[in-house]
Amino acid sequence: MSRDPTAGRLTPLWLWLLLPRVGALRPDELFPYGESQGDQLLPQGDDESSAAVRLAIPLRFYDAQFSDLYVGTNGIISTQDFPRETQYVDDDFPTDFPAIAPFLADIDTSHGRGRILYREDTSLAVLGLAARYVRTGFPLSGSSFTPTHAFLATWEHVGAYEEVRRGAAPSGERNTFQAVLASDGSDTYALFLYPANGLQFFGTRPKESYNVQLQLPARVGFCRGEVDDLKREVPYFSLTNTEQSVKNLYQLSNLGIPGVWAFHVGSKAPLDSVRPATVGGDLSPARSSAVLDHPFSQAAALESYSEDNLDYYDENEEDLEYPPVEPGEALEGHSRIDVSFNSKADPGPVESGTSSPDLDRASPLPHPGDWPPYRETEPASLNPQTKQGASGGEVEVLDSKDPVKPLDRVGTRTVSPPEADAAFLTPDKEDLGNGNSQPYPDAELSEPDVPVPPLEGEVLPEYSVSGHVPPPSGGGRVVGVEDHVSANDQVFSYNGAARETCEHSHGQCSQHAFCTDYSTGFCCHCQSRFYGNGKHCLPEGAPHRVNGKVSGRLRVGHTPVHFSDVDLHAYIVGNDGRAYTAISHIPQPAAQALLPVIPIGGLFGWLFALEKPGSENGFSLTGATFVHDVEVTFYPGEERVHITQTAEGLDPENYLSIKTNIEGQVPFIPANFSAHIAPYKELYHHGDSAVTSSSSRSFSLTSGSINQTWSYRVDQNITYKACRHAHRHLAIPTTQQLTVDRAFALYSEDEGVLRFAVTNQIGPVEVDPAPAPVNPCYDGSHTCDTTARCRPGTGVDYTCECTPGFQGDGRSCEDVNECATGFHHCGPNSVCVNMPGSYRCGCRSGYEFADDQHTCILIAPPSNPCLDGSHTCAPEGQARCIHHGGSSFSCACLPGFVGPGYQCSDVDECAENRCHEAATCHNTPGSFSCQCQPGYHGDGLHCAPDSISGLKPCERQQRYAQAQHAHPGSRIHIPQCDDQGNFVPLLCHGNTGFCWCVDHSGHEVPGTQTPPGSTPPHCGPPSEPTQRPRTVCERWRESLLEHYGGTPRDDQYVPQCDDLGHFIPLQCHGKSDFCWCVDKDGRELQGTRSQPGTKPACIPTVAPPTVRPTPRPDVTPPSVGTFLLYAQGQQIGHLPLNGSRLQKDAARTLLSLHGSIVVGIDYDCRERMVYWTDVAGRTISRASLEAGAEPETIVTSGLISPEGLAIDHFRRTMYWTDSGLDKIERAGLDGSERKVLFHTDLVNPRAITVDPIRGNLYWTDWNREAPKIETSSLDGENRRILINKDIGLPNGLTFDPFSKLLCWADAGTKKLECTLPDGTGRRVIQNHLNYPFSIVSYADHFYYTDWRRDGVISVNKDSGHFTEEYLPEQRSHLYGITAVYPYCPTGRK
């Protein structure tokens, strides 16, 4: 008998309850599980569900009560049995049934890929553990919660469903997670637990996704399961929406323990919405709309640095990795849990628990290591002096205030006592020797092991901080310093006439600094574990980034070279002194010549150099505002170049901003030479507000066997604003030595990037060069994480400590997301934005910071010309005013009008022949209407003859022409009919004078037309129609009917013929469902015979005859109405429109394409052809919508994954994207004249659309690291990025020729947005899409295919409301969609 690996866990449970807290949840800290605990095992498989588990006591979910629970393979629990997984596993919330989903994804446990266990439990150990989690997360409503039973479900080492592919090994990624439902009969709480390294995959690919690269992130949350039309009003709670938010599940928490989440999910009292625990934060609906995380690198030029191309690194040294960064990440945050609510009622206030942010050491939160054994007792009252419960009682935290909150610093990362107090008692990084300083003489500190914030309503005394001794790193600035920064020999002057104090000026200090008053003014000093000049503070040991621009006017040899505002990015590994700099787009001669000029990047080495004991690097002196002047003189030629680098502060993401200007002359270096700089040392001399350095060094230029040695002299001067009110610490020498152990320069002509890399240490001047053991913290040889601080011990011993804002053991550190966990101090009306190692507070829209830079106050709305009527746009019914902020605005004519916006004139749609030829067009301001003529019926865009009119063709045409002739200026021809209603043989145009002969159908007899003024042709009476011979179908039918005796049985086959005697494409056995398709000769098409209950989709192979008169030059051919075509895997569907409404009952399959996967689809309105891409066959094909046409493949080679497709009906050209080759191509509509337009800077190109009127091409690239929408001319010129902010996965793209708007559907942000063709006027139409794939615009609606709903959904353009959805009977993913107009849209430029 095999031994249960989890057996015996109950005994260790009591042991780890007494252990100290050690960060994230460990796998052995899950609730005990295993067959020895009484768990049942779910059968292995891809879509299994348990039998009903009858609960001992009914459980409440939302406001309902249930007695049974079911557990499903796909990471979900329900109160009813599950439908087939295809009906929910790929759908977003809400679901059609009650759902408790700790990790809803397509999970597969077949072939031993993990196991799923579940049970109901009433043991004290389990109930006690659940009670402590709940009481901590809900200290008010859950303070007396005593569960009587719990239900546990555990998914252990389960895998994701994978398609079987030849030669591909199955993935080894496995997930472990647990859900616990604890109930006392009145209330139910849910606990989701995700141990460290428990989530190795974060989503699954939908079945039938084929070659389209798409992975749906797992869904986590709850749904009550009521069914409604578009499911917008069903109560549900969603915790994840993106891959990053799924990753955050095991890294973050709403209880303070990474990986543990608690929710109040049911109650006897009304509960319309799930309420999350929010220790130290607030996740109320008003502040929790889903936010997308798009990780990508902002310093892409630096990412190519690795140990492979930096040849001086040791083989065992770790590769440099750059953490993912987003443009605009300061606005969206690096990592957060996406929380979205949907409820019919206000969920009410969400409670806050404790807010002590230092959760790794001393925390009142219920990490298993902090709790005594479970007792069913009431919590003891707190002692107001010690903040501790009585002996044997429990600590109950009631509020979220810090024990010490210095000066209301917004965004300051604090620590819990005693560390918080230590940070202010000892403001320096080192012991200042001031043991008598006691700024808190009366404060009584809590015990270190149980720190508790004050009770609600308790007021903390304000303690003075005026006695602080400044730290040695405390260079700071004061108000009154002149802002002008001049050349090398000039420093700054101060005005001490008006002494400023911390009381009024502390807001000038960094959020990670404290303010100290001195006799002449105040100074700012960085807090413990931060460094800088007090005005700017950065966390010790953390990596830093620099962004900037570089301009230059150089003479390279005798050649002048100019460049302006090229990009500079630098990345610094703070805990070992490495600095990497990359400058892009410098012209090649200048970049090659600047290779030896290491001081360009050497500045960042000095700023953030690794500090030896008793030394300070540059940033500790200067902060983030200074001027670096460098003069480099080359020998023997004495060329001289001057470099000025001006630091302009820290941006919202704490990146240093810097401008660099380079002027002078440099020696010419041939392109095939490389520069080598040996390690060197420099002395830096410190003055009051300046640092100077002079040194000489040599460098070598090599190419093959050629090796030349050159030298240059470097004179440097750094000027900055120092705070003179505090004396410089005597322990820091006035001269320090910078040791550069490694220096590296490289220019890549292919990339156009100039790179510098240096490794730096700053320390005292070396007197005795005798070697001595060096602590790894001082030479950078330690193994601490890049976001950890190395703390030296005795000899070569050291320890690693994660820098503030990160958590871990120091060898591995992860960012703490204060915004998601609630450990921030952003005030009312503010938003929290997570940053690496920190966070910042910003005001909500319509608010701004008050003078204290903490409180957000309402700002008076600026004058809006679009609202107050002061704009100069055309009247409201003709144009719209677009506000751009302030007094700026622009005007755009409304659809149906044309002009610059200030003046708009009506578009005469009737002149564009928008209506059917048998309809009357009425132009109105901004619009038009169509009405079928008497004798016809339809919507005006498509008119058909009335079947009961009794009119002959000549009479119908005559009546229609007479109605058209009633319009002024009409020049339409009126046919002439005889007394019997037939065409007269001779017809003449009353306006033009042309005459011609016609046959009995009214068709012109070729060669009979005569010009005006000439003798009309002689036309005899039209010949009588002759009886046509019988066709093969008719003869065969008559023969079989005669054989059957005139009346066949229901199961006997009789050929079915149309009115012209042709075989009908669909043939069946009598009245049975056994059917098949036939060709024009009646032969069965192989593979089309169907089974009972279904009929194959057959297309005609014989074109019907033309029954309408040959159109004259002034007559528009009749159209066939408007409908949608959509791609659904192996078929193309046809969905008619009645106006803008979906005619769902008339939907059908237009074309079956077995073995194909149709993705992109578009329509050529001139030749009535539909075009599509096939990712399975790797082809592009087309077929005519005229009856009798067959599919034709026009592109058969050079494709990998063709997706988006666009047709230019003006230029007879098609465009497509290939996400396998990362290309955009064009060709003629027959596949000829093929040309690659773009093959660079593309990662995942998908949607593409064309504006044929203005000659513009648009496409999307859903590169997860840098999504964008681009545009160019139709020949590939003038390529540029149109949109790259606030987008995620732009799958669908459409251009509306009438409104002239470019619109896209984003599966990442869940938004439908539009913009003008130049990227301005961007606005959101709908922000709650499910998972859109493709979109098209027609009339006043958008229509998009959705992968969550597997259907077509319509959205009103004006209101943004969902109006209808069509779900095909056959459930599978829909891809491309296009609209088929009854005419070619002309639009206007």
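Positions of Cβ are set from backbone N, Cα and C atoms, glycine also.
Taken from TrEMBL, the feature signal peptide applies to 1-24.
Per TrEMBL, the feature domain 'NIDO' maps to 102-268.
Per TrEMBL, the feature compositional bias 'Polar residues' maps to 380-389.
As annotated by TrEMBL, compositional bias 'Basic and acidic residues' applies to 398-411.
For 542-772, the entry in TrEMBL reads domain 'Nidogen G2 beta-barrel'.
Taken from TrEMBL, the feature domain 'EGF-like' covers 773-814 (among others). Distant neighbours of the domain 'EGF-like' (773-814): 23-24, 251, 258, 321, 359-360, 413, 415, 512, 529-530, 539-543, 573-578, 610, 612-613, 741, 759, 761, 763, 836-839; these residues of the same chain sit at least 6 beyond its ends, with a Cβ under 8 Å from one of its Cβ atoms.
Looking only at the domain 'EGF-like' (815-853), the predicted model's pLDDT averages out at 81. The domain 'EGF-like' annotation in TrEMBL covers 815-853 (among others).
For 862-905 (among others), the entry in TrEMBL reads domain 'EGF-like'.
Look at the domain 'EGF-like' (906-944): DSSP puts its residues at 4 helix, 18 strand, 17 coil. Per TrEMBL, the feature domain 'EGF-like' maps to 906-944 (among others).
The annotation disulfide bond is assigned in TrEMBL to Cys988-Cys995 (among others).
Taken from TrEMBL, the feature compositional bias 'Pro residues' applies to 1013-1024.
Sequence-distant contacts of Cys1075 (disulfide bond), defined by Cβ-Cβ distance under 8 angstroms and a gap of at least six in the same chain, are Leu1066, Gln1067, Cys1068, His1069, Arg1089, Ser1090, Lys1095, Pro1096. As annotated by TrEMBL, disulfide bond applies to Cys1068-Cys1075 (among others).
According to TrEMBL, the repeat 'LDL-receptor class B' annotation covers 1168-1211 (among others). Residues 210-213, 1099-1104, 1120, 1125, 1127, 1132, 1150-1151, 1153, 1155-1162, 1217-1221, 1227, 1229-1231, 1234, 1245-1250, 1252-1253, 1257, 1259-1260, 1274, 1293, 1376, 1378, 1380, 1384 of the same chain lie 6 or more positions beyond the ends of the repeat 'LDL-receptor class B' (1168-1211) yet place their CB under 8 Å from a CB of it.
The feature repeat 'LDL-receptor class B' is assigned by TrEMBL to 1212-1254 (among others).
What TrEMBL records for 1255-1299 (among others) is repeat 'LDL-receptor class B'.
For the disulfide-bonded residues Cys988, Cys995, Cys1068, counting C-beta atoms within 10 A of each C-beta gives the highest total at Cys995. Under 8 Å from some Cβ of the domain 'EGF-like' (862-905) lie the Cβ atoms of residues 925-928, 1298-1299, 1316, 1320-1321, 1388, all in the same chain and six or more residues away from its ends. When the stretches 542-772, 815-853, 906-944 are ranked by Cβ pairs under 8 Å to the domain 'NIDO' (102-268), first place goes to 815-853. In the repeat 'LDL-receptor class B' (1168-1211), the DSSP tally of helix, strand and coil residues is 0 helix, 23 strand, 21 coil. Broken down by DSSP into helix, strand and coil, the repeat 'LDL-receptor class B' (1212-1254) contains 0 helix, 23 strand, 20 coil. Per DSSP, the secondary structure of the domain 'EGF-like' (862-905) breaks down as 4 helix, 13 strand, 27 coil. Residues of the repeat 'LDL-receptor class B' (1255-1299) grouped by DSSP class, helix first, strand second and coil last, total 0 helix, 23 strand, 22 coil.
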